[in-house]
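Taken straight from Swiss-Prot:
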type    : residues                                               : note
BINDING : GLY113, SER114, ASN115, GLY116, LYS117, THR118, THR119 : ATP binding site
Amino acid sequence: MINVTLKQIQSWIPCEIEDQFLNQEINGVTIDSRAISKNMLFIPFKGENVDGHRFVSKALQDGAGAAFYQRGTPIDENVSGPIIWVEDTLTALQQLAQAYLRHVNPKVIAVTGSNGKTTTKDMIESVLHTEFKVKKTQGNYNNEIGLPLTILELDNDTEISILEMGMSGFHEIEFLSNLAQPDIAVITNIGESHMQDLGSREGIAKAKSEITIGLKDNGTFIYDGDEPLLKPHVKEVENAKCISIGVATDNALVCSVDDRDTTGISFTINNKEHYDLPILGKHNMKNATIAIAVGHELGLTYNTIYQNLKNVSLTGMRMEQHTLENDITVINDAYNASPTSMRAAIDTLSTLTGRRILILGDVLELGENSKEMHIGVGNYLEEKHIDVLYTFGNEAKYIYDSGQQHVEKAQHFNSKDDMIEVLINDLKAHDRVLVKGSRGMKLEEVVNALIS
């Protein structure tokens, strides 16, 4: 993490610091006054309900090395210690992160996409970690606050920084890309997330493609070549190498399934390189192909990439498998959802042997298209050989309505507890249960009830 003096910070960003404090060392950054450790820099924000400047005095008393303070904000008479006066604390955080990133000077890999950002980030880290010192975004620290905080967690000897970039509207990824100036930019796919803000999948593709705006000259852009909506934006990328991945044969890296079972999927790249992935889902084959492309660009050997992918582990609640007694498999894919990722989950479940039980919750943030898209997920069940469909949530009722005719058994629930009770009583040996819904639905509670 960042470990510099206030004098160094003063040379990096517009600010004022009393001379007597310039030799004070800073070790780490936090925006949470409850998480202060010795010599941390505390950064307060003015929120709608709470002004973080109220906690500056306590942060300093608790051992903070210094604190940002926004000019024009009344200062408590109890504040005593190193204060860094700035025009705006958020802007100063972002400026500090950009300066520190230049100081550390790692190769930056930026990852965005409607689905699979975190999974792809995890896979890239797995591919690279034996050859480089790698640091990646933790959790969903992928916005205008989280990304700078991630950068400030880099150690001085970090060689690769993998930065996840999220957004809910236009120009947000453009800002993050300009801040981070990636060497490699990645778009995993285009789905329907944030449709209510961006209006259409075309709008989502445009917003995601902003990741190339800050791409360094002679950088690399890796993208889902199976997505037609990205092609117009690829043509706008200048002074960069563009690499398409996907199942279509016109891609630079063509991935094709060799075999799959309850332990994962085996696939081949360009009919030459064979890989074994211990994760379910054809969509994860494409995420892995992106990681392979990154490995190629950074000069890794086939054997290194193969071994590292074979041992990949993902952030929780992404196709996370639990094996219960009597050969029952529960797949926790409940971290988040979109119609696209739900269809991918259905495809994955349909390839497994045993009775296939699908548990789906609402997909949120779809705006006026929500009903139509939930109906579409239900219709997608046709000829997918799903045996049981359980749904929960107001919007998921539309999945039930359109999907019940395509399964042997279906039931919609208004209570999560009721669904859990029915499911537990219904489980049989060799069942395969897949659970998916938007983050706000908290369907991991269903998984926890099954595995506890």
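Glycine is treated like the rest: Cβ placed from N, Cα and C.
Values in this document were obtained by computation on a predicted structure and should not be read as measured data.
Less than 8 angstroms from the CB of ASN115 (ATP binding site) sit THR188, ASN189, GLY191, SER193, HIS283, ASN336, SER338, THR340, SER341, ALA344, each of them six or more residues away in the same chain. Other C-beta atoms found within 10 angstroms of the C-beta of THR118 (ATP binding site) number 26, with every protein chain shown included.
Each of VAL111, THR120, THR188, ASN189, ASN287, SER341 belongs to the same chain as GLY113, SER114, ASN115, GLY116, LYS117, THR118, THR119, is absent from that list, and has a C-beta within 8 angstroms of the C-beta centroid marking the ATP site.
Of all the Cβ atoms in the protein chains shown, 26 others lie within 10 Å of the Cβ of THR119 (ATP binding site). Applying an 8 A CB threshold to same-chain residues 6+ apart, the list for GLY113 (ATP binding site) reads THR120, VAL186, ILE187, THR188, ASN189, ILE190, GLY191, LYS208, ASP224.
Every protein chain considered, the tally of other Cβ atoms within 10 Å of the Cβ of LYS117 (ATP binding site) stands at 23.
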